[in-house]
Structure formats: C-alpha cells, structure tokens
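Scroll down for the structure; my scribbles are underneath it.
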Amino acid sequence: MSILFYVIFLAYLRGIQSTNMDQRSLPEDSMNSLIIKLIRADILKNKLSKQVMDVKENYQNIVQKVEDHQEMDGDENVKSDFQPVISMDTDLLRQQRRYNSPRVLLSDNTPLEPPPLYLTEDYVGSSVVLNRTSRRKRYAEHKSHRGEYSVCDSESLWVTDKSSAIDIRGHQVTVLGEIKTGNSPVKQYFYETRCKEAKPVKNGCRGIDDKHWNSQCKTSQTYVRALTSENNKLVGWRWIRIDTSCVCALSRKIGRT
C-alpha cells in the first residue's frame, strides 16, 4: 500500500515539475532510481518491523516457558510425596510395603500385638496379649516403685476403621480400609497413640509446678505413608497425619516470672 502511494506521489510531483519547469521532464534514470530507493526503504522498514515483532514474540514465549517450568517444579514437589498404585495385586503390595512405617499394617487378620520395638504398657488389646506380656508389665510396675512416672498417660491401639485423613498438603483424602488383592482382600490398620485424658491430675500434667505453669496433655501427630485416594481416584501412597504420641503442653501463668 505504501509503495503504491509513493508511485502516485512521484507521478504527481513529476506532473507539477513538468508544468513549472517549461515542460522539462526529469531524466528517466533518476526517476527510476528514486522509485527503487523508496521501494527498498519500504521493504527494509517492513523487514525491521517484522524482526521486532519476532523478538517480542520470542521473548513472550521464553517468559511463558519459564513460568510453566516453575509451575511444573511446584507440582512435581507436591507429586513427589505421592506414589501411585497401578495394580492391586499381592506382589505389588508386598513391594510397596517399603513406603509404610511400623504404625501402618496391611494384613488379612486383625493385629493382636503392638508393632516391633513399641512398648506394650499402654497398648489397649486383648487379655490374651496382656497375659503374654506379664513380665514386661511387672518391669513397668517395678519402675513405678522407683518413683518414675509419666508426665501424661497415653494409650495405644490398632485403629481398624480409619476412613479419612489429612495429607501433607492439607487436603482431606480417603483412606482405603480394604484392598482387594485376588482371593484374599487385605485391610489397612493404623497403630495410634493418644492421651487418655487432658489432665491426669487436678491441675494438669503430672509433676508440673502449677504455681508458675499451666499444663495440659495433648495428642501429637506425625506423618506416615498410607494407601489413600483423592476424589475417588488417584489411588496411591500418600503422607497422612495420625496420632502418635501424648505430650505435655506448658504455658507460663500471667504475672509469674
């Protein structure tokens, strides 16, 4: 469009010059040379404009790729805590047990004893198990005779009906209670420890100076791997919170130093 405008404009100038200069025309070569220069200038202008647009487009693409890469890194950090389960056969579950802590058990039978290396004094189980561990109980009673007491009283038990939990991202997920693996489905059990009561003694935790401190027994949680699903899909191993201990929480009384 601009080239056509240049040609028309030059033709107009040539007509004016022919009238004003006693009908003398410009040399044909100089006119052609001027037209060629104008055309080249217009082509160069369009080329530079296109190059600028290409640079802007490439810059926008680079910025978008960087932003997408950052988002992917964030998603991968979250997904790194999630191990999907493709098949629910027994062999795969046996391989995936490395994701479990001792507090998580996959079994076709209800567990009757605490996990290995866990104390039995606070285990809430059957009388048969308690009779089997009478020697350990006598040892615990012997400790109490020496004046050793727990600040808080706790109890531990296998939770057999856990249906939901909070994962490491703060999302609520569904805990798989029963997993079908061929002819023998297995269930998922959680060994949890919690406080028996908030105040084992009148003023709070046992053995705390109540003149200067407020105290209360509180159940503490930690993360374990468990088979879960989110929104009825994405079945896999996730970190979830369960009750694992009982601690004494202290706060200084106002006006006390």
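Quick reminder: no glycine exception, Cβ is built from N, Cα and C everywhere.
Since the structure is predicted, the reported quantities are computational estimates derived from the model, not experimental observations.
Record features, source Swiss-Prot:
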SIGNAL    1-18  signal peptide
CARBOHYD  Asn131  N-linked glycosylation site
DISULFID  Cys152-Cys217  disulfide bond
DISULFID  Cys195-Cys246  disulfide bond
DISULFID  Cys205-Cys248  disulfide bond
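A sphere of 10 angstroms centred on the C-beta of Cys152 (disulfide bond) encloses 25 other C-beta atoms. Cα-Cα distance from Cys248 (disulfide bond) to Cys217 (disulfide bond): 4 Å (rounded to the nearest whole number). For the pair formed by Cys195 (disulfide bond) and Cys205 (disulfide bond), distance between Cα atoms is given as 11 Å, rounded to the nearest Å. For the pair Cys205 (disulfide bond) and Cys152 (disulfide bond), the C-alpha distance works out to 6 angstrom. The disulfide-bonded residues examined here are Cys246, Cys248; by Cβ neighbour count within 10 Å, the least packed of them is Cys248.
Proximity of Cys217 (disulfide bond) to non-local residues of its own chain (separation of 6 or more, Cβ distance below 8 Å) is seen for Val151, Cys152, Asp153, Cys195, Glu197, Ala198, Lys199, Pro200, Gly204, Cys205, Cys246, Val247, Cys248, Ala249, given in sequence order.
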